[in-house]
Amino acid sequence: MKSRYKRLTSLALSLSMALGISLPAWASPDTSVDNKVNFSTDVIYQIVTDRFADGDRTNNPAGDAFSGDRSNLKLYFGGDWQGIIDKINDGYLTGMGVTALWISQPVENITSVIKYSGVNNTSYHGYWARDFKQTNDAFGDFADFQNLIDTAHAHNIKVVIDFAPNHTSPADRDNPGFAENGGMYDNGSLLGAYSNDTAGLFHHNGGTDFSTIEDGIYKNLYDLADINHNNNAMDAYFKSAIDLWLGMGVDGIRFDAVKHMPFGWQKSFVSSIYGGDHPVFTFGEWYLGADQTDGDNIKFANESGMNLLDFEYAQEVREVFRDKTETMKDLYEVLASTESQYDYINNMVTFIDNHDMDRFQVAGSGTRATEQALALTLTSRGVPAIYYGTEQYMTGDGDPNNRAMMTSFNTGTTAYKVIQALAPLRKSNPAIAYGTTTERWVNNDVLIIERKFGSSAALVAINRNSSAAYPISGLLSSLPAGTYSDVLNGLLNGNSITVGSGGAVTNFTLAAGGTAVWQYTAPETSPAIGNVGPTMGQPGNIVTIDGRGFGGTAGTVYFGTTAVTGSGIVSWEDTQIKAVIPKVAAGKTGVSVKTSSGTASNTFKSFNVLTGDQVTVRFLVNQANTNYGTNVYLVGNAAELGSWDPNKAIGPMYNQVIAKYPSWYYDVSVPAGTKLDFKFIKKGGGTVTWEGGGNHTYTTPASGVGTVTVDWQN
């Protein structure tokens, strides 16, 4: 059966390229709904569950928590999982071409109605949790949730859940009777509340002023009861809670507020997911404002094992198309710079609006900017995410106006048709899913980029000027000679092009407000890796390698120079390989493939091999006095501690909240049950000062979290 399957797959691929049709999910493992660790071929549709569709009126909240006329946007409106199921079954979501749904946090939230500034507020958004092992009754019960998962999977759609382990719900230190006092429950049993927190489940350091990363991590986000992740009970609780949801078939996790949780704990947490029974794609929210870059954001994306929402991309697209404050040249500069900054650019989740920013569509304005921004995002590097209602041109500035009830399910809008036309390209053309990005033609109003992967290529041309057409000359591409029609079929005033020998495109005029996509898909005769997921793991974990041209007979996978063959190859298909991470030195390494005929692939760089199972340890050093501009770092004998390399040392450490200067601390993900040798160093002004004396030693716990405290050695 296996060899016959491969022959059928090869035939299907050949026919699809000849006829220009999309393949069903079964034909290509990398594009399948079963591919839970890589989302490069997917299009995500973000749903605020309460605001999408009310499919079951019997679960609507009673009393003051519910707004029957939907006039108070801070109350529940009735959207639920059954409503989403209905929109899958009636073809609205499948017809649009989306292949993953990102839904609100599904866990039980508080039912209290809280009055802020005279206005009643509720947990409709899902971010005021009380029990991470129960469902939000307003969305449905576990049977409803399982039905959503099963229905989505039956229609080749993945399900991503929002998950917010940063906090529970609003609390007032001086008023235990406020709301539900931030109470945390474990499957119905109270673990503790913010007041009288004898178990140390929460931080009690006041509210953050957002002045520093440290302040945002170890203080409350607004009035939300902030979780103490350096607590064994909390660590175990969240690991068991997420395993419950993953066991139901969830395909991905979006983590809320990753900037506001200890980075070491998050790395340890996601490593437990990747090494568990249900590894899935993960991405987090690290908010960046317009024109803002953040080295800590880049470091988190490259080191934590978790991917991120691409706020830098989103803010630039909004400035270029929505606000017209930046040019297309600026846009390409962001595309180029982010591709060099982020190690895993194909995993960054791109978007143009969401529940935390003004809707992209501006009230009273034309719709072409929205349509062009969608076209770019659907064909750009990364994993595109579309906010519910953007395809219906919903408007609304700020919370809660950007979270109104879905206004329409019209399948005839131009935006809906743009998504419908371009979303399938992510599965049919690997250049869109995995390709590099090159600028081919640019001025202030026009950008033409090429996506290329192996022998497949696509050109995307956008003229944002709604009143002036532009003559395009001197355009070169990787497209073979021939005539190419616009994938959008002129929906956004695009045109066909003719390509001559050497990839030269015959001169043409790009219409005012015009957008076109031209593409070519070819079979690969040589192996080409497009993505590897997860991007972090320990020996014994299974990784998925997606791409093209691997062939139908197992060859060899390499982690650095260490070969994986035989039983180390879990499965081998032309577009996907699953392999076991071998026993290799921990740290960043390359992953490559050699086919059974001996042809070598490109190298996927920066796969992060962990030493072993991870736990979180707080390292604290006292009496570490420094001069202005000098900070304290941690370095040690494990790869997770930089392998004694000062350039890879952990830090800079913190010294203002949990402990104060001259004490310094940092929460670090380190190998479990392992004796560590470590020291602290001072870095500043290009100078490194090592701690004196012998190495500190500490044996990490086999599970949970730990703390080690030492004095600086002069």
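In case you wondered, yes, glycine gets a Cβ from its N, Cα and C as well.
Over in Swiss-Prot, the protein carries these features:
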REGION    28-165  region 'A1'
BINDING   ASN166, ILE217, ASP226, HIS260  Ca(2+) 2 binding site
REGION    166-229  region 'B'
ACT_SITE  ASP256  active site, nucleophile
ACT_SITE  GLU285  active site, proton donor
SITE      ASP356  site 'Transition state stabilizer'
REGION    524-610  region 'D'
DOMAIN    609-714  domain 'CBM20'
REGION    611-714  region 'E'
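Features as recorded by Swiss-Prot, highlighted on the structure.
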residue : record                             : DSSP (3 states)
ASN166  : Ca(2+) 2 binding site              : coil
ILE217  : Ca(2+) 2 binding site              : helix
ASP226  : Ca(2+) 2 binding site              : strand
ASP256  : active site, nucleophile           : coil
GLU285  : active site, proton donor          : coil
ASP356  : site 'Transition state stabilizer' : coil
GLU285 (active site, proton donor) sits from HIS260 (Ca(2+) 2 binding site) (Cα to Cα, rounded, in Å) at a distance of 10
Keeping only the recorded positions of ASN166, ASP226, ASP256 whose C-alpha lies within 10 A of that of GLU285 (active site, proton donor) yields ASP256
For ASP356 (site 'Transition state stabilizer'), the spatially nearest of the recorded positions ASN166, ILE217, ASP226, ASP256, using Cα atoms, is ASP256
Around the recorded Ca(2+) 2 site (ASN166, ILE217, ASP226, HIS260), other residues with Cβ within 8 Å of the Cβ centre, ordered by sequence, are HIS167, HIS203, THR208, GLY216, TYR218, LYS219, ASN220, LEU221, ILE227, ALA257, MET261
Integer Å value for the Cα distance linking ILE217 (Ca(2+) 2 binding site) with the residue listed as 'active site, nucleophile' is 13
Quick note, ASP226 (Ca(2+) 2 binding site) and ASP256 (active site, nucleophile): C-alpha atoms separated, nearest Å, by 13
The rounded CA-CA distance in Å from the residue listed as 'active site, nucleophile' to ASN166 (Ca(2+) 2 binding site) is 7
Going by C-beta under 8 A and a gap of 6 or more residues, the same-chain neighbours of ASN166 (Ca(2+) 2 binding site) are LEU221, LEU224, ASP226, ILE227, ASP256, ALA257, HIS260, MET261
One finds that other Cβ atoms within 10 Å of the Cβ of ASP226 (Ca(2+) 2 binding site) number exactly 30
Counted with DSSP (H/G/I as helix, E/B as strand, rest coil), the domain 'CBM20' (609-714) has 6 helix, 51 strand, 49 coil
Out of ASP256, GLU285, ASP356, the listed recorded positions, fewest other Cβ atoms within 10 Å surround the Cβ of ASP356
